[in-house]
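**Q** The structure is given below, and queries will be raised subsequently.
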Amino acid sequence: MDAEHQIKANPKLRKSRREPGGWKSMPYILGNETFERLASMGLLANFMVYLRKVYHMDQVSATSLMGLWTGVTNFLPLLGAFLSDAYAGRYWTIAVASFFSFLGMTSMTLTAWLPQLHPPTCSGANCEGPTASQLGFLVMSLCLVSIGSAGIRPCSIPFGVDQFDPTTDKGRKGIASFYNWYYATFSVVLVFTLTIVVYIQDSVSWVLGYGIPTVLMFCSIVLFFMGTHVYVFIKPEGSIFTGLAQVAVAAYKKRHLELPSLDDRTAFYDPPLEPGSVVLSKLPLTNQFSFLNKAAIVVEKELNPDGTRINKWNLSSIQQVEELKCLVRVGPIWVTGILSLTPIIQQATFSISQALQMDRHMGPNFQMPPASIIVISFLTITFFIPLYDQFLVPAFRKFTHHPNGITELQRMAIGIIFAVLSMIVAGIVEKERRNRANGPNGGSIMSVFWLTPQFFLMGLCEAFNIIGQIEFFNKEFPEHMRTMGNAFSSCSIALSSYVNTAMVLIVHRTTGSGGAHGKPDWLANDLNKGRLDYFYYVVAATAFFNFFFFIYCAKNYHYKGKVSDSHQDLELVIASDKKLDV
């Protein structure tokens, strides 16, 4: 029985819910998210250049620091999601986290403003690096920004979804439109950040370039609180991990019991939904990971006269069992997502280093900031998504008969292919750039727009892979675990940053030690003396082998809420994925 029929059968369930804020709350939520993204992306977009020009870090050190910080920033949302769902609620999590983001941005502005907080200005080859105290203040500022992102990122999408009633057609359409607006505003923010804000940072002033995002972060806080009177507030229902742990403990205690048939529903504990519960639809009991089903077997003296459980650590509901299965099911898909996102990390690191050594002139009097080249990727996303929705989805639908044209898993697979192609093209362009490097100070006569193909392909990768991951995790997690599901996407980016950092250090130490034997360091500080194209090929090969691992996991994935027809749906996924094989 779906949520709409359950509410019709139980009117108390509808009365316990407040009328959703709907689109009345969207200007405040999307406005807050837009300004927060402007602030955080204003810091991240040109951070590689900031570390090299202002803090005089070498390429490997700057890449490692940026990778570690990006990883922490995208991993902490898992903790923020837990605190939100279990104790604080999404509203207060966003509110408190916004203040931390503002403090972090203010501190970052101070690192550019106060001479005591950064190394002295230098234009030579042997510049003085940061002191321990200067580096410590920089790391503290980054930590504050990360804490802010930990609360805002996992809660922004679920909090927006909370404003609509998913039990009505109007509410479901509103949720679908919200996702579109969310992606649209995100793309616009990135384009603005990678052009205007980056130009100000690179050509006008780092103080002003960081000061503007700081002011925008303050505006996001004001805008968020202005919408308090129209928001829908979903109360936290306690730690979801406690319920998951209870399933594991109960299943272990009953491991010796014989498993009844799924048709014998009286043998399993399946209470009705409680009025006012965040959970709108119950999950059916499935055969997958059937050993966990033993946690829901009712034995003698486990129920009170009113049908409630005597001990939650001895007996779990079918809903709890299936929620744990949801978490276990997405695990392999989540792991493959880590390696599939590694090529995307290159956009903000070595690709910027390439742009620094290329001709960035647009006319005789204007030189484009190196970080602005990334805008090609996000312009691709901005223009491709409407084309995808209007033309590609209907075309795919004719062949697959799937309402979305293709499944989220198929969408992610296509993204991995584009990631591999992007790295191969990046390696070819880098080899040509290095061979033609003959300008002053190791510069290259090649135009920076030779990087366009790799960024275009990477934009397609993000349009398929990252958006596919976000939709996949949000759909495959139960309603009250959506914040956690949204955090899983950030965790994929976090661990991919760590994997990238590990690959950089391994390659640098392995190839760098061969300098005495006449072999170049692949990741030399001077790209014209290195072999960055080889590193790109290593990343492409890693993503290529990960593609086959992903296909294997996708073939064996069972969608949430599917029982008898799950294998039929999988066959459709497999057949379509095989068409994408190269």
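In case you wondered, yes, glycine gets a Cβ from its N, Cα and C as well.
Keep in mind that TrEMBL annotations are predicted by a computer and have not been checked by a curator.
Just lifted these from TrEMBL, have a look:
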type	residues	note
TRANSMEM	63-83	transmembrane segment
TRANSMEM	89-114	transmembrane segment
TRANSMEM	181-200	transmembrane segment
TRANSMEM	207-234	transmembrane segment
TRANSMEM	368-388	transmembrane segment
TRANSMEM	409-428	transmembrane segment
TRANSMEM	487-507	transmembrane segment
TRANSMEM	534-554	transmembrane segment
**Q** Looking at 207-234, 368-388, 409-428, 534-554, which one has the highest count of Cβ pairs under 8 angstroms to the transmembrane segment (181-200)?
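**A** Per the Cβ count, the answer is 368-388.
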**Q** Check the transmembrane segment (409-428) against each of 63-83, 207-234, 368-388, 534-554 and return whichever range has the most CB pairs under 8 Å.
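**A** Per the Cβ under 8 Å count, 534-554.
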**Q** With pairs 6 or more apart in sequence, are the transmembrane segment (487-507) and the transmembrane segment (207-234) linked by at least 3 Cβ pairs under 8 Å?
**A** no
